[in-house]
Amino acid sequence: MEGSATARLLYRGALSLPDSYLLLDGLTFSANLIANKDLLHNPLALALESMRGRPSLRLKGTEQLKNIWIDASDDVCMDIHPTATLSRVYFENILCLSCLSPDGRTEIGVRVALGDTDGPATTEILIFGESFPSPIASTSTSSSGHTPTLAIRVARITPAARAPRPDDPTPRKPPLHLITRKQSIGDLAANTRIRPKGNAKEESEVVRRAREVMLHLPSSKARGRGKEKEKDKDKEKGAAVFKVPALPARKGDHAADIDVFGPVGDAKGKARAVNIEAVDEGIGDVEQENKSIIKKFTVRHLDAVGVSKPHPEFKELFGFVYRGTAFALRATIKKSPVSARALEALVEAHIKLYVTSPT
């Protein structure tokens, strides 16, 4: 390896040929320390150093340099060991038989992948030859003096620059009617406040009218009709008084037990219990009797499985069982009395859905 004192070893190993068990061994990749003052900003050097410990890299085949984009600014070279005969013969046949482009590079290179997969995250490199002046060639015979000396260079393959397409946005100049003598393009920027034309008096008048409109917006209160409007006016004139209307008295209820926040409970916790004896309004006598029986059966069977009235889930379970049983009997509940055997079967079936075991 020439100039080993000014080179950093990046990777030493072999190339594995596709569909073959042969290895092109004896390869050494190094970076020029003089050209690369900071190797941390050299992506190709870092990629090759990350391959240390791998016995070989994947060789993908040959590639025309004119068909791809490469970044040769990292100044990475490759050397072949003198005893690696197979590697020397391979690269001599690929690079030495290739024509040179005007920039002194071979037209054909060897493509290598740094990884096991072929994806956008996999770094791919290109090994190609580049001619450079050699002192040995200048002192040799005339026949060999015209043969250029090739150095094996390594470059990173980069994505090709995409050509512009018809659907790409095109930067456009602002319309001429937006630019006046006193306004420039900078005045029309998005973060610049454009004031309306006119003097300060007219502008203040517009601002005043807008303020009045905003301060006198119509209220969102529901509009009443007839006497309700008069009552609202009387309330606005007088002192605001919050009154809770008394609930209509029903059978079995007492006005003293009603409060603003619901039924008043005693020390035993009767407020949480469900008033299961409440009479539904607007239904027939047969339907009312059937629903009363459903309520009694529901309470009895819930108590049998351990869910009594003081239970925290009694109210919710009672509602589910009662509504489900009444819905199942909706075809006959209004016409004739329900059968006690059928009612027990329905209530037990609903309780088994919600209560798995006695609690």
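Heads up, the Cβ atoms here are built off N, Cα and C, so glycines get one too.
Summarising the annotation, TrEMBL assigns compositional bias 'Basic and acidic residues' to 225-238.
According to TrEMBL, the domain 'Sld7 C-terminal' annotation covers 287-355.
Per TrEMBL, region 'Disordered' is recorded for 218-238.
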- Message: Mean pLDDT across the domain 'Sld7 C-terminal' (287-355), rounded to an integer, is what?
- Response: 83
- Under the DSSP assignment, what numbers of helix, strand and coil residues are found in the domain 'Sld7 C-terminal' (287-355)? 48 helix, 0 strand, 21 coil
